[in-house]
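K.L.:
Quick one: the structure is below, and I'll ask about it shortly.
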Amino acid sequence: MSGVALGIEIVSVFFLALFLLHRYGDFKKQHKLVIVGTLLAWYLCFLIVFIIPLDVSTTIYNRCVARHAVTPAPSNITVLSPTPGIVSNTTAQNHLPSADKLRSSDNSLEECSKPWSYIPRGIMPIFWRVVYWTSQFLTWILMPFMQSYARSGGFSITGKIKTALIENAIYYGTYLLIFGALLIYVAVNPNLHLEWYQLQTIGIAAANTWGLFLLVLLMGYGLVEIPRSQWNGAKKGYLLMKTYFKAAKLMTEKADAEETLEDVMEEVRKVNECIKYNHPLRKCVDTILKKCPAEYQEKMGRNMDDYEDFEEKNISYPSEKTLVKLHKQVIYAVQRHRRTQVQWSILLEQAFHLEDVAKNETSAAKQFVHTFPHQEPESWIMRRLYTPTIEWYWECLLRPWCSRILAVILALFSTVVVWSECTFFSAKPVLSLFAVFIQQAEQTHNYIYVEVVCFLSIFFLSICVYSTVFRIRVFNYYYLASHHQTDAYSLLFSGMLFCRLTPPLCLNFLGLTHMDVSISHQNIEPTAYTSIMGSLRVLPLIADVFYIYYPMLVLILCIATYFSLGTRCLNLLGFQQFMGDNDMTSDLTDEGKELIKREKRKRQRLEDGETRRREWKERYPTNREDTSRNRSVNSDQKEPTYTEMTTNRSSKYTRASNRTERDRIELLQDAEPLDFNADTFNDDPLDSESGRYQPGGRYLSMSQSNSRIFDDV
């Protein structure tokens, strides 16, 4: 099995990353470079998480072989080679004859069972160098550049590159600042001599220092909030009330995004009417129009008059710099509008599902009934296995208890992590619980247990860190939505974030397990992953101070999160957060409940209309001859005159002579709901009279109506 397990995991992890990217991204609409860059970033990060357990089990086996090697010398220890970070197993047994060496090796193999996932020497260091440096190139250079390049408002490749370099100066400046400070520290220290390997170690330490700084802050929030969210999710009505609260806040943001988009489209319309077809900047305007939504493009295309010349001296034309700024505003406004639309649709589905769960809890039939059908078609396997009865037992009975059990398990896991983060620096006695578990498994040669514990621990820490990023309001610009609804900017941000935080996260975990020799202070073989990080003894300030004591800050952050100190502070600053004992929370919850009711009525009217249309078609089917004859008549029909239009309009309000005609009229009238209001709804994104975009479907009091009495009838 030498190397087979590594090959299997490399292939399996690639297909896992490809499957997840296909679920969240859109291969057809998004740029190929975005897809390839995100896939590579996710793939490398998943490789680190999945291969670290194999590296740990292989290192434990190699240590066992070195420890049980039989030699006539009084001591038999593993010696560190002169080259930093490279470990040599040269011991006193090198002076034995070849037969004694073979006999010593056989005795070692008999006492140390080889793991099923054993990886031969020399493979893992090369593998980790390729994975680590590729991920660092992606997270620090390529992906930030791609992200800024995609948002740039320039119209040429040179302009986009220039803008991307300027915007990424803060990232490059932060990295160079940390690297320069460490470089000055090493240069000033008279006991240290700069070499290429030491410069490489300084660069790695700078990246890991920046990652660990963010890691502890995010982990302190996630270790408490994830178990608490699972526990609160089992409470009746808690998730539904929180969803109502989110709906009210998201609708406010959605309305603001719509207004921003309309304002930007108004500016685009003015520029489009000002710059004609023969203007030198017309290509720039066409590029801006391609980024606009389809309905706005059609309206602007119909209103454009290409026969007017641009050489009128009284008109002031915008400059190229103004168009670049407008182009960037269009990209941001369209992306924000799309994000709020996607998040709103996801939130509606969650609210409808939670309301269905609340209704079905009192059902005597014990069969789960959905108010609306699923948006995505279910597979025949789910339809056969996940029946309404099974769904009722799961959603109404089993799921709350499973959430409570999972919350208790996660809380215990979080306690272990916090305790280990505060005590992992103690080598004698060993206080870190992760180190205790690994050492016990090392004595019994239970490699499966070692790999499972390592994988679950890293997976839990990753969820605590990454889920916190997408929960924080500051990062609400980015989101991950399934069913191909994640935009390119969020995909690039997620890949950049994963590559930036995963290496220091795994290095921190190896420190918790004392697999890092800089923590255990033993002259034993380190893991291949920690060996490529170099000897941090080059930087004693980082190795002995920051890496040891800074993770203890996670305890303070967990206490602050448990008492919701951050939430209360944000609430006082005006950023409304969900708090059960707050009047503003109650008001927003009631407002969100009304919004969900309104959306449910709209969805119900659409469902009823589709049902009546299907029934009408089944009841009065038309044959192919009538259909073909009607098509031929309509194709030869001329434009109707004013008299014909008046006749058709008046016939809508006359009584039908037979039942078929009455059904047809009823079907046509169903297209407009009972509470339809022409003042609040406009199919045209551009109003022909005022020349300004009119929003459709405004929210609550933001939509003005001449008659509001029968709006909700």
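For all residues, glycine too, the Cβ spot is worked out from N, Cα and C.
Values in this document were obtained by computation on a predicted structure and should not be read as measured data.
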K.L.:
Per the topological domains given in Swiss-Prot, are Lys28 and Pro526 together on one face of the membrane?
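P.N.:
Domain labels do not match for Lys28 and Pro526 in Swiss-Prot.
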K.L.:
According to Swiss-Prot, one residue among Asn89, Asn314, Asn658 carries the annotation N-linked glycosylation site; which one is it?
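P.N.:
Swiss-Prot annotates N-linked glycosylation site at Asn89; the rest carry no such entry.
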K.L.:
At an 8 Å Cβ cut-off, counting only pairs 6 or more apart in sequence, do the transmembrane segment (33-53) and the transmembrane segment (491-511) clear the bar of 3 or more pairs?
P.N.:
yes
K.L.:
What average pLDDT is reported by the model for the topological domain 'Cytoplasmic' (560-713)?
P.N.:
60
K.L.:
Take the C-beta pairs under 8 A between the transmembrane segment (168-188) and each of 405-425, 491-511, 539-559. Which stretch has the highest count?
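P.N.:
It is 539-559, which has the most Cβ pairs under 8 Å.
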K.L.:
Six or more residues beyond either end and a Cβ under 8 Å away: which residues meet both conditions relative to the topological domain 'Cytoplasmic' (471-490)?
P.N.:
22-26, 30-31, 34, 147, 150-151, 221, 225, 335-336, 338-339, 342-343, 346, 376, 570, 575
